[in-house]
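Notes to accompany the following structure.
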Amino acid sequence: MASAGAPFDAVLFLSFGGPDKPADVRPFLENVTRGRGVPPERLDDVAQHYLHFGGVSPINRLNLDMIDALRAELDSRGRDGLPIYFGNRNWHPLAGDTLAEMIADGHRRILVFPTSAWGGYSGCRQYHEDIEKALGSVDGLPADVVLRKLPQFSEETEFRGAVADAVRVGLARFADGPVPRLVFTAHSIPESADRAAGPAADGGRLYSRQVRAASAAVAGLVGVDEFDVVWQSRSGPPQVPWLDPDICDHLRALHADGVQRVAVCPIGFVSDHLEVVWDLDSEAADLAEELGMDYVRVATAGPSRRFVALVADLVERYVDGGGDLTAMGCGDNGGICRPDCCVPVRRPASTRV
Ligand SMILES: CC1=C(CCC(=O)O)c2cc3nc(cc4[nH]c(cc5[nH]c(cc1n2)c(C)c5CCC(=O)O)c(CCC(=O)O)c4C)C(CCC(=O)O)=C3C
Ligand SMILES: [Fe+2]
């Protein structure tokens, strides 16, 4: 259970991580998929996607840029004494190494900003596990260390506003003509994982409900009535159901219905990392061209001033020891917000590799 009170003295910006050079690609993918039942053929494919971009994921650079912008934003709010550190789940700098450095620098009360808006195992609980694991990896961990994870932010007005700003810019790129269809996309997850995630009393499905709710809210903000929510980047064996439709299948269906123009908004992702640039800017964009559809990919919100202001707002809400400790996704030292939330799914042995 989280305890209020004392102020926090540093921020850990906690993200997914990605390779910085070709030799990193395999070990990175092994870190991501260890024990997760992703077939080896899928890993070979994904390795090719990274190698296509020189073995470098844009995610680390984008996170470092966001950290610089956040530092400037906090400075401008008179919070210039608050250091921000960077750590990742799957690649260097790894969260455990960063935490050791933070502790050596004298920090004991640390706010953790995870780069995911969402509930669910991958978007929320796994970040709690990262925190727990990082704490477990530090030799001689002082007893008074507190890492408080900031809550899920998909319902925040400024998050939705930042995405809406990007959608407006994307829609403005179409010349006069037929109204483009607005399509929101987020990372697919196994159906079983979606059902298991979120308070059981609410029927689980926290992740897909949040993605749909945020998409509907953004569509409302930009004044669009007709929009779709679809999924991308599925992995796992084909016989295991994941959230669908897939973005590419959906483009084919829209085309068959006579839709000529689409604006695709990757609401599920904070920045233009590999799954956005490969699956949307390469695969989906190529398919749209093949089908003769006009295709605009809406920018991700993360690098925008408004998104960075949202992160600063979250930090300020909690940094003095206040803030809602019962908010979904908030928890101390890897302790989750409530016992039945975002439970990991036990995979049947047949789907493990
Ligand atoms: C919900 C969700 C988010 C959004 C929330 C958040 O942002 O945290 C997200 C983000 C990301 N996913 C990323 C990369 C990968 N995800 C994979 C695999 C998987 N993702 C899953 C879900 C999610 N993933 C799932 C259910 C799997 C199957 C394996 C498992 O059950 O865990 C694999 C393995 C190969 C493959 O299967 O595709 C890779 C390489 C990157 C970094 C990209 C870069 O390098 O720029 C980012 C930001
Ligand atoms: Fe992923």
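Positions of Cβ are set from backbone N, Cα and C atoms, glycine also.
Ser57 (Fe-coproporphyrin III binding site) falls within neither a helix nor a strand when secondary structure is assigned with DSSP, and so counts as coil. Cβ neighbour count for Ser57 (Fe-coproporphyrin III binding site): 25 (other Cβ atoms within 10 Å of its Cβ, all protein chains included). Look at TrEMBL and you will find Ser57, Tyr127 tagged as Fe-coproporphyrin III binding site.
Residues or ranges marked as Fe(2+) binding site by TrEMBL: His187, Glu275. Under the DSSP three-state reduction, Glu275 (Fe(2+) binding site) is assigned to helix. Taking Cβ-Cβ distances under 8 Å and a sequence separation of 6 or more, the neighbours of Glu275 (Fe(2+) binding site) in its chain are His187, Gln232, Ser233, Phe269.
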Contacting binding-site residues, sequence order - Tyr127, His187, Glu275 vs ligand 1, Cβ under 6 Å: His187, Glu275
The one of Tyr127, His187 whose CB sees the fewest other CB atoms within 10 Å, among these binding-site residues: His187
